[in-house]
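Over in Swiss-Prot, the protein carries these features:
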- Arg24, Glu25, Leu26, Lys27, Lys140, Arg547, Cys548, Trp593, Glu637: 5-methyltetrahydropteroyltri-L-glutamate binding site (BINDING)
- Ile463, Gly464, Ser465, Glu516, Asp631: L-homocysteine binding site (BINDING)
- Ile463, Gly464, Ser465, Glu516, Asp631: L-methionine binding site (BINDING)
- His673, Cys675, Glu697, Cys758: Zn(2+) binding site (BINDING)
- His726: active site, proton donor (ACT_SITE)
Amino acid sequence: MSSHTVSTSLAVATLGTPRIGPRRELKSALESFWAGKSTEADLLKVAAALRAANWARQSARGVSVIPSNDFSLYDQVLDTSVMVGAIPEIYGWRGGPVSLATYFAMARGTQAEIAGHGCANGHHHGDSTPQGVPAQEMTKWFDTNYHYMVPEFSAGQSFQLASLKPLEEYREAKALGYDTRPVLLGPVTYLKLGKSADARLDVLSLLPKLVPVYIEILGRLAAAGAKWVQLDEPALVLDLDDRERLAFRDAYGQIARELPHLDIMLTTYFGGLGDNLDTALALPIAGLHLDLVRAPKQINAVIAKGPKDLVLSLGVVDGRNIWRADLPDLLDRVEPIVQQRGAERVQLAPSCSLLHVPVDLELETGLDPDLKSWLSFSLQKMGELSTLSGALSGDRAAVQDQLSASAKAAATRRKSPKVHDMAVSSRAAAVTPAMTQRNSGFAARATLQHQRLQLPAFPTTTIGSFPQTAQIRQARAAHAKGAISDADYNTFLRGETARAIQWQEKVGLDVLVHGEFERNDMVQYFGEQLSGFAFTKEGWVQSYGSRCVRPPILFGDVSRPKPMTVGWWKYAQSLTGRPMKGMLTGPVTILNWSFVRDDVPRSTACLQIALAIRDEVGDLEQAGATMIQIDEAALREGLPLRRSEWKGYLDWAVECFRLCSSGVKDETQIHTHMCYSEFNDIIDAIAAMDADVISIETSRSKMELLDAFKTYKYPNEIGPGVYDIHSPRVPSVEEMTTLLQLARQRLSDGQLWVNPDCGLKTRGWDEVQGALVNMVEAARQIRQVSAG
């Protein structure tokens, strides 16, 4: 190994940091404000303290290029909409500064609608903003588990500078002694993330109106002293057409002409530039950030084709996952680039914003010491980059201990028996195609299932969970703290389960569920019972707004030491003569909602989970279950960003589902549930899963999802959701019969089930009761119509 030294200190940059605070301080402040327990001034004071602490922590860890405007009270895309005045009329904004009431109305809706927005807490802070308005739509940020608020554009859309947040936070940092690099979402990506109610409106046609607003805020930042500004354009890693590429050239050409002395760091992440490389390199920018975790080889083409004076920001530490970097390996990769271009034209950075990882590993005191030594959270990743910079800047001796510790951690992880289980890898290697096939085709299975189950036409059921009341949450928390015994907690849960079953029988549902009161989370519940998973205490990441999630860490080979759900299913089925569904989370969803090991392909990890779930399915069938539901809520979320890579992902994802579901007899009915708003483009894969019954989210789109079935003859049974569980409103019988009649136009009566869109755990019992009583009545009326 060479000496790894250059003459000048290498800059360490972060593209963005977690906003929530080490102890979720932002969540607490937001929910207090929404509940009316604190003032706007209180909330803004907490926000300012979080920003100041963020800047201080970065500075202390050797970050020399510190971002500002990466903080948000809710979401950075919403911040951009507010900045450029893209505020739909419904929110009552008439120009001028945008109030927090308007901001949160866009994020969460107001009054009646607010309690039903996603799974957020239903609180409201009064203001003169119109009441009863819905939130903006929310969707996944690229292929992460973060959600953004979708910008809404109209044909007559105009833009104006309506918020000076980037300028205010730049000045705020400057007053504290930090000369930051402001971060803004770039104009082209911003427009591409948006939507218009008018399908004929090409959102990119709005670019000429939008760019002047960007020029105005960038000009103000430059006047305030900003030498560099970071513009995030992750759309450059997507499939783009020539018109979209031209939009980049137009926008950045105009910015450069108006602001020739402002240096722009154009940031791309979540993948490689691919066929957009030439477009990016032709832009009049001073710097380009590359994701070298997802696409390490693109650096060669950038160096070969790019301008020699282009500053390269090397995203070499994974901003999406929690694994510690192998620093000696990174040194070997980065040193030739630094020596070739010079230290002044290279920055070291995470692959993307650190928003997607927890704040501080040091808060974890209960993790296995070996596992902890393999991990790195946001603050640790900054330290890794500083160590790398030190080693490359002639300070090798000073960082030798850190380099040695990194090498040791990588070596122990590669060899650890905690990670590698020969029995699991041998079993995975022995999987055959026959194990992913049911014994008979659907038609033969359906005949046997109908004979066995004797269900009416249009059978009614729910998706799985029932309301998790405050009493249930309190009991769970008390049990976790040891305040109530296992036996007492179990008795309490059995009582809740029995009540839910009696209630379902009284309402008249045909197929019952046990309610899942014993489950904290649909992934964590299983991960805690599988080998190869670990859980943090403070490993929170933002999902949206105040909602934070604590993803499981999938660190090793996965197996199932003992049955996970059979005891609860047996107890529930003993209380009723009606069919009781076994309820499981599918392997693809468990994978996609976890921090996944990076030492094997994702498909390998998923196959291992599928084998564990297959064992559980077999045990449920052995115990007498006639129906087993395997939820794959996150199947679509795992789709790669580039369409050319979809087939590879869907092939192994479908194979894993079939592996876990195909070991049963023909007369055992396999259900699955998917909750997302479009699947027309993956209908082949959904059919290939070969579930006997699939339930899907369709009510909000008024059954538009079923348009796929006009041309595609879906063979199996399907339960299109007939009411939206995300809203507290109780739908009428007529609304649900109307939706069922729409479904009957696309599918045969024999295929249709009747169910809500999704699980009911976030709703109240009063809402659920009214809705399900009406749903059962709607099914009864449709049976009469069908019978003619």
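Yeah, the Cβs are placed from backbone N, Cα and C, and that goes for glycine too.
Taking a C-beta cut-off of under 8 angstroms and a sequence separation of 6 or more, Cys675 (Zn(2+) binding site) has the following same-chain neighbours: Ala633, Ile696, Glu697, Asp757, Cys758. Most buried of the binding-site residues Leu26, Cys548, judged by other Cβ atoms within 10 Å, is Leu26. In the three-state DSSP assignment, the secondary structure recorded for Glu637 (5-methyltetrahydropteroyltri-L-glutamate binding site) is helix. In this record, L-homocysteine is bound by Ile463, Gly464, Ser465, Glu516, Asp631; the longest C-alpha to C-alpha distance in that set is 13 Å.
When the C-alpha distances from Gly464 (L-homocysteine binding site) to the binding-site residues Arg24, Leu26, Lys140 are tabulated, the minimum falls on Lys140.
Per-site Cβ counts within 10 Å over the binding-site residues Arg24, Lys140, His673 peak at His673.
Of the recorded residues, His673 (Zn(2+) binding site) and Ser465 (L-homocysteine binding site) place their C-alpha atoms 12 Å from one another. DSSP assigns Glu697 (Zn(2+) binding site) to coil, not to a helix or a strand. Distance noted between the C-alpha atoms of Lys140 (5-methyltetrahydropteroyltri-L-glutamate binding site) and Ile463 (L-homocysteine binding site) is 22 Å. The L-homocysteine site, placed at the center of the C-beta atoms of Ile463, Gly464, Ser465, Glu516, Asp631, has further neighbours from the same chain whose C-beta lies within 8 angstroms: Thr462, Val513, Met522, Met583, Gln629, His673, Gly759, Lys761. Following the DSSP three-state reduction, the secondary structure of Glu516 (L-homocysteine binding site) is coil.
Across the structure, Leu26 (5-methyltetrahydropteroyltri-L-glutamate binding site) and Ile463 (L-homocysteine binding site) place their CA atoms 32 angstrom apart. Sequence-distant neighbours of Ser465 (L-homocysteine binding site): residues of the same chain at least 6 apart with a C-beta under 8 Å from its C-beta are Val513, Gly515, Glu516, Arg519, Met522, Gly759, Leu760, Lys761.
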